Structure formats: C-alpha cells, structure tokens
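Scroll down for the structure; my scribbles are underneath it.
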Amino acid sequence: MSEAVAGAVAERFTQLYGSEPEGVWAAPGRVNLIGEHTDYNDGFVMPFALPHTAVAAVSRREDGVLRLHSADIGADVVELRVADLAPQSDRSWTAYPSGVVWALREAGHEVTGADVHLASTVPSGAGLSSSAALEVVIALALNDLFSLGLRGWQLARLCQRAENVYVGAPVGIMDQTAAACCEAGHALFLDTRDLSQRQIPFDLAAEGMRLLVVDTQVKHSHSEGEYGKRRAGCEKGAALLGVDALRDVPYADLDAALERLGDEEEVRRLVRHVVTEDERVERVVALLESGDTRAIGPVLVEGHASLRDDFRISCPELDLVVDTALASGALGARMTGGGFGGSAIVLAEESDVPAITKSVEEAFAAAGFTAPRVFEAVPSAGARRVR
Ligand code: GAF
C-alpha cells in the first residue's frame, strides 16, 4: 500500500471530522493456500496476505462516541455510543468495526470512543476476508492509540469474538490471524488450537511460478446458514467420536473412525474432509520446506476434490476454474476460503499464466457466467501502522 493511499485516506478523514487523524493503519485480505474448514476443528491452516488492504485513519475520543465512515459505502458518518453497543443489534457494515470496539471493551480494555474513516481494496464477498481485514485494522489502531499492548494473535482472538458474537457469523480464527500475523514473502503455517505459528518462505516468482486468484464474482456470506451447518456437522462428528475436536482424529485412524460413524453418511463426509485436509496442510508444509514447491500442485487439487465431493461447498463456477486451469497446464488449483462462491487459486508456471487466464475467461463466457476477475497474488505484509 502506497504512501499516496495513506495520505488520501488521512485527507478524507480531515475533511469529515475537521482535524487530522492521529494515525493510519492497514490490514490485508488473504488467500488460503491449503487448510480449509479446519480452523473451527482446531486444525491446521496456511494462509498468506494479499497486497489488498483495509486502511483506517483513526483518532481517539474520550467522550464515549464512536463515529464511523467508509469510502466504500459512501453514506453519511454513523455515530454510535460505545456504551450502547450490543451483539447482533446492527446488520450493516458498521457491525464489523463497532463489534471490535465492543469486544475490546467486553474484555476489559478501556476504549472510550474514536473517529474512524475506512477505505478498502479487498474485494468483498470474494472469499478473500474483507471482513477480517476491517476488524483487524480497527483492532490494531485502537491497540496503538489506547496503548493496550495486545499482540497480533490476541487481537485476532478479539476480532473473531466480535464476528462470532457481535456480528453473529460462526467463523473460525484463520482470517483474523492471517490479517494480523502474516509476513511478506511467507505463508503462515498456523495451528488453530494454540495459535502457534511458523512463517514458511513462499516466493513463487523466484522459482518461475505464479499464484493466480480467480474471483468468480459469485458472492457468499458466512452469516448465511450453510457455513454454520458444516460447522455443526463437524462438532457432531467430534462428539460421536468422543474427541474434543476433529483435529484429534489421527489421519492413520481415519478408516476406523469412519467405520465407527456407521450410517451417519453426512458426518462421515465432513470428518473425512477435515482429517484429510489437516494431513494435506502438513504435506504442503513439508514440501515447501524441502524446496519441492511444484509438488504442492496435486495436493491443492486433492483439497479441491475433498471440498467439492465431501464437504460439498464448491459451486459450478469454482469447479470450472479448477478444471479449466488444470486442462490448460496449471500445476494445481482449488477453491479458497469459505466456499459457495468466492475465489479459486491457481498455481502455474509463469509462462503458462496468459494461456490459463485466457482459457478460464473463455470458459466462463461459454458457460454464460459473469466474467471472472483474475489477478496475481503476491504474499504480502500483515497488519501495520502506515502513518
Ligand atoms: C471462512 C472463515 F471465516 C474461516 O474461519 C474459515 O473457516 C474459512 O472460511 C474456511 O477455511 O473464511
């Protein structure tokens, strides 16, 4: 994110509120390389940050007032009282920033109000975590301005609480941790049980490869029922198997576990996805750490098949991206994020990128789908102060 963008956001803040902001912060969207729907099962994930960010210009207030404005919504400034913030009382975009204020205060942090102006380049509804970027940028700004001393993973936990309780979306911890903790040039290997992390160098350009994001333009939302149903099904599976979370089912014991689930066909499929997906994350980490980057391609493809056939959260557009990219020479491809629309990722040799992009665009046109948005994803920095 450039100095010019930070300057423009600060300038708009000054026009809106009549004084300069105390600072400007940025938090990125993410793509998940592998490890899907494992985070609320205490499992492994491996996201990296996009260059696209939510940017917030913020000043402290001490009078209990929270004023919010977004360049992307273009409406008037919304004025709220921090003492009145209540879970699930707000169905608009302001629930994300005000939910973070609520979560900080509920955790005992003295946040006495703020003026906020936001602008984001993270595509919304594209499975690229625009909501988490919004939450984390606010959390980081308030952490700095009110000297709360919280670490990235602590901010991520509070943001997840804001989204679960205040917004009412039963998401896991991956997206908030990615926004808060990712580092440029790396993918984040995260154990969602204890939030222990390892930064894995992930510089595809240096090896002559590229990772494309294909936004299918099919919008999705986690507050809608299907995400929650999958989560409930996983929790049922863990309960039937007598474990705290599906993370505790060893890959080596999967067949026996599935047998014990008897005729619970749907739960069996969900369990099989989660247990095999955790194993795929570990395989990808091992391949990247041994320098065998191209070999992760088939693992991504396995992950997509599992999400499509066992977890059943793909859609025709996502499947078309994956099938077309692979037929045009991609090393690997899969849907990324929560599913039911959103984006797919494609791992490819640099020289194959134009042909793959063209094939995907032509396949979408031939199928009568809305044209996809294709861009290259370079692993970028996590949340930070930019001014
Ligand atoms: C969404 C959720 F917000 C994440 O917590 C995660 O569960 C993901 O879907 C699926 O891996 O992005």
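Glycine is no exception: its Cβ is also placed from the backbone N, Cα and C atoms.
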Task = Among Tyr166, Tyr227, find me the residue TrEMBL lists at the same substrate site as Glu36, His37, Thr38, Asp39.
result = Tyr227
Ask   = Looking at the recorded positions Glu36, His37, Asp39, Leu128, Glu163, Asp175, which have a C-beta within less than 6 Å of some atom in ligand 1?
value = Glu36, His37, Asp39, Asp175
Ask   = In DSSP terms, helix, strand or coil for Ser70 (ATP binding site)?
value = strand
Ask   = Cα of Glu163 (Mg(2+) binding site) to Cα of Thr38 (substrate binding site): how many Å, rounded?
value = 18
Query = For the ATP binding residues given in the record (Ser70, Gly125, Ala126, Gly127, Leu128, Ser129, Ser130, Ser131), what is the largest pairwise C-alpha separation in angstrom?
reply = 20
Request  = Work through the recorded positions one by one (Arg30, Glu36, Thr38, Asp39) and name whichever has its CA nearest to the CA of Asp175 (active site, proton acceptor).
outcome  = Arg30
